[in-house]
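Listed in Swiss-Prot:
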DOMAIN    7-228  domain 'ABC transporter'
BINDING   Gly43, Ser44, Ser45, Gly46, Ser47, Gly48, Lys49, Ser50  ATP binding site
Amino acid sequence: MNNGILLNCQNLTKDYIEGSVTTRVLKDVTFSMNDKELVAIVGSSGSGKSTLLHTLGGLDQPTSGEVFIKGKSLQKASQDELAKLRNTYLGFVYQFHHLMADFTALENVLMPMLIGNQNKTEAKDRAEKMLNAVGLSHRITHKPSALSGGERQRVAIARALVNNPALVLADEPTGNLDHKTTESIFELIQQLNEDQGIAFLLVTHDLNLAEKLNRRLIMQDGVLRPEM
């Protein structure tokens, strides 16, 4: 896509149906994001933030509307094409790190590349590089239980970066962290954005964190609007 547009969506709606009750959680959402941009979506619990993020990342399908990554429609892609788009362009970070407890930090970061059948030696080198980039080169042999909350989230960020994504979608990445650790995670995001040109779209309830990003959007009752 031209003009540096990395991600955009047009007229997204999302309905959940329980019995005879239909609840619309996304209401005609239109949004775009440029290469290398840092964007925050803020809003109260239940406003539709996480649903939007999952839909933008192709993890959930909209009821209507369309999502484009680098001009390619997620809704028109086959399952194989969708997986390739996600693996090529996107990384994901969640509030709960979802690390595998029985594996070391290095093995956790390696996993997406091994699933993608990448060369094991090259994958290991890449994983070590990413752990070094997030400041954990000295902790690569530690399992999640031996890491602090901030360290576990750094491992999760490293895992999101191993396939060299253009965009990381982060759902409350600092939600379980104290203020000091939150600050360090934000500094890491800034550094990765500046050094590697990675764009970040953060869903967060932390207004202090959101204010530090390039752009802020507000989600309220399924409607996305610019910050006033």
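Quick reminder: no glycine exception, Cβ is built from N, Cα and C everywhere.
Within 8 Å of the centroid defined by the CB atoms of Gly43, Ser44, Ser45, Gly46, Ser47, Gly48, Lys49, Ser50, the record's ATP site, lie the Cβ atoms of Met219, excluding the listed residues themselves. Candidate binding-site residues: Ser44, Ser45, Ser47, Ser50. Fewest other C-beta atoms within 10 angstroms, Ser45.
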